[in-house]
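Student: Questions regarding the structure given below will be posed in turn.
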Amino acid sequence: MTQVQTSLRRLRDFWARFQRCDPGSGSAHVAAASRFHLRVPLQSTHGSSFGGSSPRYAATSRTELPTFNEARSMRTIEQIYVDGEFVIPVGDERLDLFNPATEEKIGEVRLGNTHDARAAVAAAKRAFPAMAASTEMQRIDMLRSLRDVVAERPDELAQAMTEEYGAPAYFTAFSVQNAASVFDVMAETVRNYDFDRVVGKSTVRMLPRGVLAAITPWNSNFGFIATKLAHAIGSGSSLVIKPAEQSAFQTDLFLRRLHRAGLPAGVFNVINGTGPVVGAALTQNPDVATISFTGSTQAAKIIQRSAIDGMKRLVLELGGKAPTIILPDANLETAIPVALMSGFANSGQACVAGTRIIAPRSRLTEISEKLRMETGKFKVGNPRDPEVRIGPLANAAQWERIQAYIRLGIDEGATLLTGGTGRPAGMEKGWFARPTIFAGVRNDMRIAREEIFGPVLCLIAYDNEDEAIEIANDSDYGLQAYVLGSDLRRAEKIAERLVAGRVVINGAPHDPRAPFGGFKQSGIGREIGAFGLDGMLEPRAILTP
């Protein structure tokens, strides 16, 4: 296998891990759902009751699924999803949608308002008692039905993601596949989770709190929606999602599939809208018990302040400034491609991107040259090209932000190892940025401390392991970290000293049962597996004499 092939394989593996959805062998352990009785019958969106002798959740016929071409012809997204139906929102504000690779307007979306948010929460509140009373097998059944409809015709979802978001073809394929896998992982988690426990002489039951409000970003739309929905179903909660409004084509296509799973009306509701309008209405609504937010730390602080009066529970998965520590004994032929794959993840638009490369000064010249050479192999361009590894940034504002940070790095005195301002050579249109690495960076520079969210990396030198760890931990963030070295035991000891929710050693594969979340300003709580389910539930203890 050539070095390029090896790098490509590692890149694909990285994205599978990044999506946090690889089910491993979990789906094989999920028991087939049986007929069951509900204390409170659930009415499906297709009219059948899920209780008594009703059949298991079943998707409608394959022909009812709209094709991508049909979705493309609907250049205006006019509907939101409330109480099991696609409805016209009361809000009438419009938002233009663009193809980031061409900068061309490709349509618009009608946005919901506070009235629509209240209606969605009311629908979720009505659906909650039945969901809270659902059995574990019923929840597993729902999760498997969601998986089935999401897994159909993955190319159509991938194409929508490429057109509206600009994600390269290799990433969209894994993104769609892993969005389906989220539901398998949660089904296995529900099957193995201890909802009832004995503590001393008391019995403890883990209970859903009520309506869950979820707010998701634009950088992996399918995966984030699937993750929030899976957590809601697994915990027996009902849900209102406010996805990124600029991802409306992807959201609408995804929703048409989720609807076909036949879940009870009101169990999940989706409102396109802005953060200041719909997001604020959800976080302030007294009938919302839990808020699950993925996005920037700055936005999360606004949500915290908004939610405090209602003492709402929060699960916040936020920003990062992940360090990648290259140890002195690292094999650079494998370590450098892995470091760049993590750093340029999703064109740098990833909270887990390893944007601070912390390297031994004794090998700094060698590492610098290797970084420069390997970066040149990351093709930037049309995201439909299967050879492209870095696509456009999501929007014009994001492109301008990246340019400003590159100029800032130059002003701060850092040295351009590769890249710089402007578009790559030969590109006149599209929000493409040049993959950029700064050398001579100090950890007190803004480019080393602030989340840039683009393909801009910093190379920072260290003289000994203690200094490397000090630099890595000297950050407002603590989401993810990376360690690269030949001596595994040594790398593990370094990992044990890092303040991060996850530490990945030598490109290790993702563990779908391990918690995901951060220390410090990278968030509150955890997602994925049993740890993610914990954040959706509240313990009730019954003490007996």
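We count from 1, first residue shown onward.
Every residue, even glycine, has its Cβ placed from backbone N, Cα and C.
If you look up TrEMBL, you'll see 93-541 marked as domain 'Aldehyde dehydrogenase'. Under the heading active site, TrEMBL lists E317.
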Student: With every protein chain in view, what's the tally of Cβ atoms within 10 Å of the Cβ of E317 (active site), excluding that atom itself?
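Tutor: The answer is 29.
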Student: With DSSP assignments reduced to helix, strand and coil, which class does E317 (active site) get?
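Tutor: E317 (active site) sits in a strand per DSSP.
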Student: Over the domain 'Aldehyde dehydrogenase' (93-541), what does the predicted model average in pLDDT?
Tutor: 97
